[in-house]
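Heads up, the thing below is written out as C-alpha cells.
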Amino acid sequence: MKFKAMDKKTIPGVFHNNTFIGLVLIAVMFLFGLTVNHNFLSPKSLENIFTNASLLAFASLGQTLVIISGGVDMSIASCISFGAVASALIMKGSNANIPQALLVLVITGLLVGVVNALGIIYANIAPLVMTLAVSNVLNVIQLIICNGSPTGSLAPAVGFLGKYKLVSVLSMITFLLIIAAIFVYFGLKHNNYAKQLFAVGNNRNAALLAGINVNKVIVITYIISAILGCLTGMLLLGYVNFPYINMGASYGMLTVAAVVIGGASFAGGKGNFLGTIIGSLVLVNLSNILVAIQLNDAVKNVINGLVLLMILVFYTREKAIRQ
Amino acid sequence: MHTLMIRVENKMKKSQAYSAYIMLLLLVIINLLIQGAGFANVSTINSLFLVNTPLILATIAQAVVIFCGGIDLSIGATISVVNAFAITAGQYMPVPLAWAGAFLIAVLLGAVKGSIAAYLRVPAILATFAISTLLEGVALLILPNPGGSIPSSIYSVYGGVFAGFIPISALVIAVVLIGYGIVNRRPLGAQIKAAGANPRSLFIAGVSVERTKMKAYVASGIITGIAGLCLTALASSGDPKIGNALSLNSIAATILGGVDLSGGWGTVGGAAAGALFLGIVNNIIFFVFNNIIHSSTFAGIKLSYLQQLLTNIIIILGLSSSLLTHLKKRTEKEEKDK
C-alpha cells in the first residue's frame, strides 16, 4: 500500500483531468524549450510543432477508437509506412493517379483491419500480439511492392495538402485536423456506432446482452484504424516530400502514448479525440526538445520507453487481489 | 514393445502439449519426405539445434512468464542487450567476466520486469512493451554499430557435438528443461501456474501472488540470459538488433506449443516443441528456396523478402493455433466433469 497517495480521494479532482495535466505539461515544455533554444516559440517552430502534432493526431485517431473498444492497434505504424510507399509508387507525380492510390490504400486498410479483427475475435489472440504480427507482414509487403527501394513521387495535390501554409502558424494539415476534430467530436456524440463502441469497451458481456453485435463493432473499429493509418501515410508523404522505407515506424508507440496521455483507459470504454490531440502535442513537444538538445536516436528510444512506462505506472495499474 | 508404445501414447495424450508433439512429429516426417534421408544425419541435426537454440530458450523463458499469467514482449530486446554487452564488455575485460555480467544483466532485467508487473501491477503486456522500446535504445547505446568478435573457442564448443551424436546446443536446452522440471516438481511450479490460472485462490491459500510472479520473471530472466549468450556464441559478433524479432517469435512458438496465453496451462517441453516446430518450418522454407527454386527472384520478387513474408505469415498461423489449445482444454474439462 505504498502508493496510497495515488488514491483518487486524496488528490484534488482537477489533477485527475488528463486534459488539464496535458495542458500543464505543454506549458512546462514550452518554457523548457525556450530555455534550451530561443527560437523554440517562433512562428516557424510553432508551425512545425503543430503540423507534426496534427500528423500524429491523425494517426492516433484510429488508435483512440481501438483503445476505447478495449484493444490496441500496433499495425498503424506499418500502415503509415505502406501508405506512403504505395501512394508514391502509384501516383508517379500525377494528380490523375490519386483515385487509384486512394483505392489501393482503402482496400489495404480494409484487409489489414479484417485480419486483425479475425485473429482477435476468433483465435482469441491478444490484440497487441496479433496486430504486431500483422504489422510485420505489412512491413515486408511494403518492401516487396517497391523491391527494397521506394520509387515514384507524390502528386502536386497531395504536396499542396502536406506543405501549404494558410497563416503563419496554421498549416493545411493542422487545418484539416481541426475540421476532423470537429467532425469526430459531434460524430462521437450523436452516432449509433459511437454509442455501441463505448458500450463494447465498457463491458463486452453487457453489450452482448443488450443486443449489440460486438464482433461487428470490433471489426469496424480495426478497419477504420487501419484505413486512417494508410491515409496518414499519404499525408505524411505530402509533408516529407519523398518516400523511404519504414517511414511511419516511429508512430507505433507514439499513437498509443498520445491516446493514453489524452485520458483513454487501456481497459476500454473511456477516451476522447480532444485528449488525443493534446497528447500528440505533448509528445511532439517532447521529441522537439530532445532534438533541440541534440540527442541521438538510441537515447530518444530510451526516453520514449521511459515516458511510456511512467504513463503506464500512473494510469493503468490493476487492483490488488485482496480488494 | 507394443504395450510400451501404448503407454507412451497414453502419457502423451495426457500431456497438455499433446497437439504440439503431434504437430512436431508430422512436420519432421514431412521434412524427411522433402529433404530425403540426408536430413537425418548428425551435422544437419546439429546445425538445426545450433541455429534454433536461442529461439527455443527464449520460448521456454516466455512460457514460464505466460504460466504465471504474464507475457514478456521484451525478451527479444533483452537478448539484444545481452549480446551487445557481452561483445562490448569483452573488449575491455576478460571474456568470461563480460559474459557473466551480460547474464547477470538479463537476470536483473527479469527482476525489474517482475517488480513492475507484479508489485506495481501494470498489465504485463503493456509494461514489457514499453520496456522493450527502452531496451532497444539501451542496446544501441551499448553497441551503436554491428561488429565485434568472440574467441573462436567459444563457437567451436557451442557448435560441437558431445559423445559423437548429441549437439552441445541440445544439451544446453536439456539442462534448462531439466532445471525447470525440478522447479515444476516442487511447490513453486504449481504456485506459478496457480498465479496464472487463479491468483485469488493462491492468495487465499496463503501464498504471496506477487512474490510467486516475481520468481517466475526472475526464472524467465535466467533462461533469457542463457538464450542471449547462446545467440552471441552462434553469431560470433554483436548486433544491437540481433534479438528483437525473438519477442514475437517466442510468443508464436509458445502458443504453437500448446500453452494458453491466459496463463496456468501448458508445459515447457511443449513450448520447446513449438519453437522447434517454427525452426523446422523455417528450415523447410530455406531448403525449398535454395534447392528447388534456382534463381534469386521468384515472379520478380526478391527471394529474401518472400522468405520473410512466409515466416511472418507462419507466425500468424502459429498464433491462431491457440484454437487447438482451447479445444484440448475444453475436452479435458469435460472429461473431468464426467
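Heads up, the Cβ atoms here are built off N, Cα and C, so glycines get one too.
Noted in TrEMBL for the protein shown:
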type	residues	note
TRANSMEM	A:20-37	transmembrane segment
TRANSMEM	A:49-68	transmembrane segment
TRANSMEM	A:103-125	transmembrane segment
TRANSMEM	A:166-188	transmembrane segment
TRANSMEM	A:217-242	transmembrane segment
TRANSMEM	A:248-266	transmembrane segment
TRANSMEM	A:273-293	transmembrane segment
TRANSMEM	A:299-316	transmembrane segment
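Long-range Cβ contacts of the transmembrane segment (A:299-316) within its own chain (Cβ-Cβ under 8 Å, at least 6 residues beyond either end) map to 6, 253-254, 256-257, 260-261, 265-267, 283, 286-287, 290. Among A:49-68, A:166-188, A:217-242, A:217-242 has the largest number of CB pairs under 8 A with the transmembrane segment (A:103-125). Below 8 angstroms of C-beta separation, residues 51, 55, 58-59, 61-63, 65-66, 68-69, 71, 73, 75-88, 101-102, 105-106, 108-110, 112-114, 116-118, 120-121, 150, 153-154, 158-163, 173, 176, 193, 196-197, 200, 207, 248, 251 of the same chain, each at least six residues beyond the ends of the transmembrane segment (A:217-242), sit close to that stretch. For the transmembrane segment (A:166-188), the list of distant contacts is 43, 46-47, 50-51, 54-55, 57-58, 61, 160, 194, 235, 239, 272-274, 277: same-chain residues at least six beyond its ends, Cβ to Cβ under 8 Å. With a threshold of 8 Å between CB atoms, the same-chain residues lying at least 6 positions outside the transmembrane segment (A:49-68) that come near it are 76, 80, 127, 169-171, 173-174, 176-177, 180-181, 184, 197-198, 201, 221-222, 224-229, 231-232, 235-236, 239, 248, 251, 254-256, 258-260, 262, 264-266, 268-273, 276-277, 279-281, 283-285, 287-288.
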